[in-house]
Amino acid sequence: MQRNGVVECSVCRSRLVVPSPRSVSRAYDKHRSKISSKFRALNVLLVVGDCILVGLQPILVFMSKVDGKFQFSPISVNFLTEVTKVVFAIVMLIIQSRKQKVGEKPLLARSTFIQAARNNALLAVPALLYAINNYLKFIMQLYFNPSTVKMLSNLKVLVIAVLLKFIMKRRFSVIQWEALALLLIGISINQLRTVPAGNTAFGLPVTAIAYIYTLIFVTVPSLASVYNEYALKSQYDTSIYLQNLFLYGYGAIFNFLGILGTALFQGPESFNILRGHSRATMFLICNNAAQGILSSFFFKYADTILKKYSSTVATIFTGLASAAFLGHTLTINFLLGISVVFISMHQFFSPLAKAKDDKPAELLELEDTQNHRSSESSFVNMTAGAAEDASHRIGTDERQPLLPT
């Protein structure tokens with residue numbers, strides 16, 4: 001049980017402070033170096049699945065347009081996507097609860113649900129940011145072709161790296177920062193002369209509107225991803241399906257509020273969430289739901305950087321598929337940009353590029369623990385379990401509660 005930043009052992013009632021963002025990041029790095037072959041296979045499956053789903057998404061959006069416009073409300077697609085993910089989370093929770101062992105706290109118990117809801121209340125923040133980002137995905141399709149949208153989304157990697165450094169205290173080596181710079185260069189090469197000049201929208205040049213949407217399109221989901229990763233890993237003991245239920249539930253609420261707002265401005269007829277939908281939009285909803293579910297596994301069991309680099313690989317699939325099925329031309333800029341992107345990926349994930357701490361990981365963990373205990377000494381001394389805290393032996397499972405087994 002967690003109270004006031006302190007975790008209480010359910011067996012001996014001793015207390016330990018909650019790990020800091022830096023210790024969460026270091027725990028993941030330590031685990032990654034000792035990762036099993038089975039978990040590596042899981043990562044490969046996650047990356048492959050993410051490449052396929054992310055690559056298909058802009059193509060399905062393009063196929064959903066009629067005469068270059070959407071006949072349906074993008075907010076309705078986002079709402080139906082969140083509802084689909086909520087249903088999936090409920091089904092998986094029921095399946096997981098039936099496989100629980102005797103003596104384990106039931107997942108579907110009211111007390112478990114209420115406590116988990118309190119501990120994961122911060123998931124409402126990334127849910128709101130995701131709701132905004134999902135709407136922007138459709139807006140971006142009005143200004144760029146599918147492969148260009150994917151290349152623009154890769155800008156999130158640099159923003160995410162900066163956010164990880166300041167929010168989760170992740171360390172990146174100079175080589176890794178250079179790899180991110182190469183990624184930006186590759187994207188810039190692909191973006192040369194992609195926006196036609198002379199067109200206007202909302203009274204402003206298309207380029208200006210596109211740049212504004214691009215800035216929001218890159219910043220909002222990056223902040224949501226990092227915040228989501230921290231929220232999921234900080235409550236690692238909570239079932240991922242229960243956490244997803246809260247995240248998707250918040251998302252459904254925010255998108256439904258968006259539908260209500262649209263109905264107030266455009267009239268009651270716009271409240272029909274199924275108006276203008278086709279078979280392509282149904283595939284789009286399923287694809288978006290699968291992306292969201294897969295992303296939660298990335299954030300909890302891997303990290304956001306791996307998720308975004310796997311999305312970068314999807315750029316090739318998107319470019320080739322859009323050329324084959326939609327008639328788009330693969331320019332030399334696109335091919336050169338993709339080459340630089342892959343060089344960046346190889347450099348970033350190279351073993352020689354990994355950042356190393358000046359001190360051993362065990363010593364740094366000991367220092368973090370001592371600093372936390374010093375700051376919380378007054379609280380610990382006031383509790384009846386202070387003596388037990390000094391004698392309680394911490395096992396491997398308790399020392400690293402944020403890592404998958």
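Note: Cβ is positioned from N, Cα and C throughout, glycine not excepted.
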If you compare the topological domain names in Swiss-Prot, are Ala41 and Phe348 on one side of the membrane? no
With DSSP helix as H/G/I and strand as E/B, how many residues of the topological domain 'Lumenal' (65-74) fall in helix, strand and coil? 1 helix, 4 strand, 5 coil
Across the topological domain 'Cytoplasmic' (96-121), what are the DSSP residue counts per state (helix, strand, coil)? 14 helix, 0 strand, 12 coil
If you count CB pairs under 8 A between the transmembrane segment (282-302) and each of 44-64, 75-95, 172-192, the winner is 44-64
When you look at the transmembrane segment (172-192) alongside the transmembrane segment (122-142), do they share 3+ Cβ pairs under 8 Å, ignoring any pair fewer than 6 residues apart in sequence? no
Could you tell me what the rest of the chain brings near the topological domain 'Lumenal' (266-281), counting residues at least six beyond its ends with Cβ under 8 Å? 60, 63-64, 70-73, 76-77, 79-80, 259-260
